[in-house]
Structure formats: C-alpha cells, structure tokens
2 protein chains.
Amino acid sequence: MTTTRHACLERDARDPLAPLRDAFALPEGMIYLDGNSLGARPRAALERANQVVAEEWGNGLIGSWNEAGWRALPERLGNQLARLIGADDDEVVITDTTSINLFKVLVAALRVQAERDPSRKVIVTERSNFPTDIYMVEGLADLLQQGYSLRLVDRPEAFPAAIGSDTAVALITQVNYKTGYLYDMQALTAHAHECGALTIWDLCHSAGAVPIDLKAANADYAIGCTYKYLNGGPGSPAFVWVAPALRELVWQPLSGWWGHARQFGMETRYEPAPGIGRYLCGTQPITSLAMIECGLEIFARTDMQALRAKSLALTDLFIERVQARCGQHPLELVTPLEHARRGSHVSFEHPEGYAVIQALIERGVVGDYREPRIMRFGFTPLYTRFVDVWDAAETLGEILDNETWRQERFMTRKQVT
Amino acid sequence: MTTTRHACLERDARDPLAPLRDAFALPEGMIYLDGNSLGARPRAALERANQVVAEEWGNGLIGSWNEAGWRALPERLGNQLARLIGADDDEVVITDTTSINLFKVLVAALRVQAERDPSRKVIVTERSNFPTDIYMVEGLADLLQQGYSLRLVDRPEAFPAAIGSDTAVALITQVNYKTGYLYDMQALTAHAHECGALTIWDLCHSAGAVPIDLKAANADYAIGCTYKYLNGGPGSPAFVWVAPALRELVWQPLSGWWGHARQFGMETRYEPAPGIGRYLCGTQPITSLAMIECGLEIFARTDMQALRAKSLALTDLFIERVQARCGQHPLELVTPLEHARRGSHVSFEHPEGYAVIQALIERGVVGDYREPRIMRFGFTPLYTRFVDVWDAAETLGEILDNETWRQERFMTRKQVT
C-alpha cells in the first residue's frame, strides 16, 4: 500500500476523533510522539490548576478538604478512570506512585497465596519489564527474607511456560515499554489461574491506549500511571485496582491513616477500610491530583474502541512509511506487526538510536530513546494526526539520508522519564 | 499582665516580621489559625503553578524533565529545606508522603539494629502520636512477622523511661499534634543513644515552626510534611533526612527506579544510589512539588530564631487572652505553659469543642478540632498578627458567653486533614 501526504490530510479531515485535538494545548510546530512518556496538556488543566491554587487553596484553605471535595478525589477520579479499564464504580483509587502501588498489591497477592499455598515463592515477570517493577519485587523479597525470588522471562512467548506450580504471582506489564508488545490479558490471566498463580497487571503503557477489561479478563490486581496516555500531568498520582473478591482478604502494609476504616477516629489501632479505600495511605498532592480530571474528561467524549481503531491506523501508517522512506538504513522494527500484539507505540532499533532521536527532536519531531539503541514513537489518537505520522517519517528519512545525527553523536546523554 | 487591642496593633506595627505577611494571599476578613494543618498560599505559588502547567508541561513537554529541572526538584528543594532543620546540602529529599517516608526510615532503622543487636524488637512512640505513625509501624510489624511490637507511651514525661535495652527505635513526633507539646530533641536523642536505640523524628508539626538542628542533636532519621508551617500547598510531597553515617548502611525497601544508582541504565538488578537519593522511589507529582519552593523562599527572608520569638509571643498572648476573656467557661489548656515545651499551636479542651470550633469558623476565625474535645489554634509567625490573636480570643469569648455554639451542636461532623 502506498499513500501520499495529501491522502494523510484527507484522512485527518475524515477522522471523527480529529476535533478532540483542540482539547489539548500543543506547541506550535512540534510533532509530539512522546505521549507514551508524558501526555500533552489538556487545555482545561491550566484553568483547573488556577482554580485549585487560587480559589480552593488560597481562599478555601483548610475548608477545601470538604467543600472543594479534595478528600474524595482519589475515589471520584478513580470512578472516572474505572470505565477505561473495565472496572466498576468504587473499585479504583488514584493515589501515590506506580512503584508504591505495586508494593501494596504485591504484598497483598503474596499474603493471599501464603494462605492458599505457602510453597509458592516465585514472582514471574519479563526481564525487559520497566525496571521499577523488577526493583520493587527485589526490595520486597529482600525485606521479607522468606525465600521469594524473581523469575525473569526473556521473550513474551515464553511467559506462559514460566508460570508453574511454584509461582505465586505473574507480574505482567500489559504493553512493554520498549517494544510495544501487547499481552493478551484474558488468555494469560486464565493460564496463570490454571497454574494457581495470581496476576498483577501493570497498565502504565496501556491505560488510555488500548481497550482493557479487567473484570472480563478475571484479573486480580492492576496498577498504572496517569501521566502517559491519560494526560494527567507530570508525575500525576497513579492508580490501583483490586478484584473485589480479593480486596478484603488481607491488609496492604502501607497502612497509613487514609486507609483506616475511620480516618478521623484518631484511634491507636489500624483497621483497614472496607473497599478499595484500604489501598490509600497518606495525604495526596492535590494540585497534581485534581488535574487528572481534565484528561479523563476528554476520554468521556469518545470510547476506547474508536481510539484503538485510530491507534492501529496510526501505527500501521508509521511502520509502513518508515519502511518505505528509510528502508535502506539499518533500522529494525522491534514492535509486533500483528495488531493483537501491538500497543500504541512503535520502536525501531538503530545503531545510533540516541543521536538520531536527538536530531529528530532538534527538528521538532519528539520521540524518545531507551537503552539499548531503541527509538520510541508514541501515537496518541486523541491528538496525533495522520499527517504528523507522514511528516515524522519524512523527517526521519532526511536525517538518516543526510546523516544529520552525526553532529548529535557526541553530546552528553540526557534522559527523560 | 493586661493588654489592649490597641497595644496589639502597636506590636504589629513594630514587628520586624510583619512585612512577610504580604507574601501570602489570605482571604479578606478571615483570621486563619490553621496553618498547622494547611499553610496559607504564598502569592508566588499561583504564578509558579501557571509556569509549570502552561510553560513547562504545555510547551516544554517531555523535555522539561531536564530543561525545566523537574528531575532535580527532590534534591534541589531538599537543599532549601535543609537549612530550616539543621541538615546540610545533599542530605534531604522531598518526595512521597510522610507515611511512606516513615516506612522507609523505619525499615532502615530496624535493619541497622538487626545488625547491631537483633534482640531489640520494640518501637517506642506516644499513644497520642498522630495515628498514621502508629499505623505504619503496625503495618510493618505485621508484614515482617519477626516479633516487632509497639510500646505506647501515655505521657511525654514517661518517654525516656520507656526506652530500654529491648528498644530498637524511638519514634518521636517532635511537636504533638493535639497538645502542642515540644520534645527536647537533643536530650531525648542522647538518652535513646545511651540506651542503644535509634531515633526517628517526625517533624510534621515542627518544621518551619520551631528551630531544629538535626545534626547538633545527633539525630538518626527525620521525616515530615511540607504543607503545614512550610506552606507548600495541599498535600505537597514530604521530606526525608538520614544521618550520613547511617545512610549507606542499608537499603530502604521501596526500591523504585528513582533510587537506583543509574536511573536510566534500565538494569535488571537494583543498586541503591549513593547518598540520600536512595530514599527516592517513583515519579513525583511535579506541579505540587514545584510550588513548595514558593513557601521555602519566604523562610529565606528571615530565620528560625526570629520566627520562634514571635511564635512564643503569639501563643503567650493567646493563652493569656483566652484565660482573661473566657476564664469563667469550662476551657482547659492542654498545651504546656513552659516555652521550652511548647510548639506553635495552642489547644484547649472544651466539652463542646466541636460545636465551638464550628461557631468560630462561621465567624471567620478558623481553628480546627481533634477528637476528643480538643480545639486547636495554630500560630504562623510569617502571617499571624498580634491583633488577630486579640480578635480570635474576643470572638471565642463572645461565642462562649452567648452559647452561639449550641446551634452548631447537631451538625454533621466534618473533618479535615
């Protein structure tokens, strides 16, 4: 299939999601393909920040915990997010960070397994999982000194076979941050359950990017961040979901006063709240938390099926254009071609990946780089246009043809989260 | 000693700290005596929030992690805060919540003790400590299942004797959130060390309120929040300090990627960063974090000795005026009269404390209520005036004389953090 820039403009003109781009404040002249790392700013977020800081904090002061609804934000925003991941009302809270929430659900899952079958001591995850997931397991295993260990899987296809009778938990990041590989949540959960393992799904690179149905998949625990495809703002708090059947079985150990059954009872014994509220711990950063709503409200104007269809069209087009325009260069696609296995970002390896990404950024095409050699390009159907995809591939082609990247090669490496 | 409202106005006119009040946006007509719960808004915070949201997020996007200095915020703001608590550069980070940071240092302290004397299994703290401190110890003890237990002290005077040869850690909130009792950090730390115990100081109600010298006191660990006397904004992230001699001895178990020696090495084994950076875990809420600087910059225009002198003058005046104006009512002062034992808030018990506080708030005097029966009034020398103290005591007297609180008595209790 061949296409033209003009055909891309026509696709944008026909795109039913195109009007949603206006909900975002995007810098003039930039093609932003890094929404998989930090989502763009919803226009409404500026007004919301002003409202929180000037009115709610400045004028409402302490009264705003009740009157401006600050206290209920983790649950209220959790309900708005729930519909994007196949959870029901009162099943999700937005709080803390992905790493901290992982610690909570990991302990919970291990406690459930310790009751069911204490011989299960293995946590299975991908070797190429985002490092914090691996580090948090290490930190917990080292803390407990109860013989827990990690089993690191080298290829996604090898994941099912790595879950066995010794496995307590399968910790799966649904979309791999490097390759964009998308796991089949329903199939892998079913397989894990057959093996007697519980599943923790890290949705950092899939929430807001692909349709997710935690309940239909019979998943056990899920965590994820809100600042990538959900456009919550830099470092906005993360979310946590626990299957209702598991939720009240155990405590999570970060048992701060926000998770207490009677937060203001000022008691001297901890008693976890019923429901997902027991996954709260301390006081949350309200300004950063409140802005998450602005991103979630944009999702309420569409649905994940429409977003998924456009996401696949965008990533198909990018793969096709890069292969057509840059085929003579040493680029290797590391993202699956199969739709069912692809998230919403596309990665290519290039021997000079870091320098090439820097050259692209210099020319206004913002992707990012991940060790080793991986150039990542994220496609956010809410604001990425087909013509952006065309132009990005063209710019990449020019940089590779002209070896523009050579001048970036010896710059100090800067890294972003 | 008797005084007059006019004399209070004269004291304000002479007060060298009075000009700092202009750095805050305070609601017209409100006497805000709850800065010990949520500090008032520095005027500069609104502009800073706008800058972060509109410019740094909106235009800088992912590049702002480096170019706007987001990555370095935990350390950079930690350095600004360090001078207020007697710590040196590169010893403090601002991150996560007080509860989460307590978990980190608690595990660290127990690990150090496990090496030194594994028979020490007791954590000593006040029964009337802020509940989250107690709950976090419970959560950890329950997680470890290694025989750790809490010893709850009923009176501050009994704290030293409660530390013994079985004590691993003394967890002391320097200023009690209910009574305003101020512990002697130097003396209690020295005593704990003589007993072989380590100290964790919770500075939530003392940082920015009383002079603190962690290094001179030879303290071991300190944590605290930034949204009370430090005026960082609602739920702004908390801080953590560890004595350099203890810092590298052990891991803390919330070992997320931000605490790794090479954050972007994307390695599969955790290696803690040298220095206080190992107490970082996940990505921080940048908008809420960045505003903390606006509060800290106001402190840079004065010093803790000047603030302490005014704080004591304000609390002295309030105690004197309430006793003079409301002496016939059933009010009981629960805050120490002795300067060396008093923080920057004053608490009275009243049988109808909740209703009285509601009546005060209705009349624009904002204090708060804590179970059971405690009315709290916080005095922030950066923006509280002597005339505010006079007027607050007068209003309290009128409410008690007229039993205005009776109409508030049957309202639903609302609580604030």
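Cβ atoms are placed via backbone N, Cα and C, with glycine included.
A TrEMBL annotation is a machine prediction, not a hand-curated record.
A:Thr173 (pyridoxal 5'-phosphate binding site) counts 23 other C-beta atoms within 10 Å of its own C-beta, drawing on all protein chains shown. The pyridoxal 5'-phosphate binding site annotation in TrEMBL covers A:Thr98, A:Ser99, A:Phe130, A:Pro131, A:Thr132, A:Asp133, A:Thr173, A:Asp202, A:His205, A:Tyr227, A:Trp257, A:Thr283.
The annotation N6-(pyridoxal phosphate)lysine is assigned in TrEMBL to A:Lys228. A coil conformation is recorded for A:Lys228 (N6-(pyridoxal phosphate)lysine) in the three-state DSSP classification, outside any helix or strand. Non-local contacts of A:Lys228 (N6-(pyridoxal phosphate)lysine) by the CB criterion (under 8 A, 6+ apart in sequence, same chain) comprise A:Gly35, A:Asn36, A:Ser37, A:Leu38, A:Gly39, A:Cys204, A:His205, A:Ala207, A:Gly208, A:Ala209, A:Gly378.
Less than 8 angstroms from a Cβ of chain B: among the recorded positions A:Thr98, A:Thr132, A:His205, A:Lys228, that describes A:Thr98, A:Thr132. Ranking the binding-site residues A:Phe130, A:Trp257 by how many Cβ atoms sit within 10 Å of each one's Cβ puts A:Trp257 at the top.
Residues listed for pyridoxal 5'-phosphate, A:Thr98, A:Ser99, A:Phe130, A:Pro131, A:Thr132, A:Asp133, A:Thr173, A:Asp202, A:His205, A:Tyr227, A:Trp257, A:Thr283, cover a largest CA to CA span of 30 Å. When Cβ atoms from all protein chains are considered, those within 10 Å of A:Thr98 (pyridoxal 5'-phosphate binding site) total 28, not counting its own.
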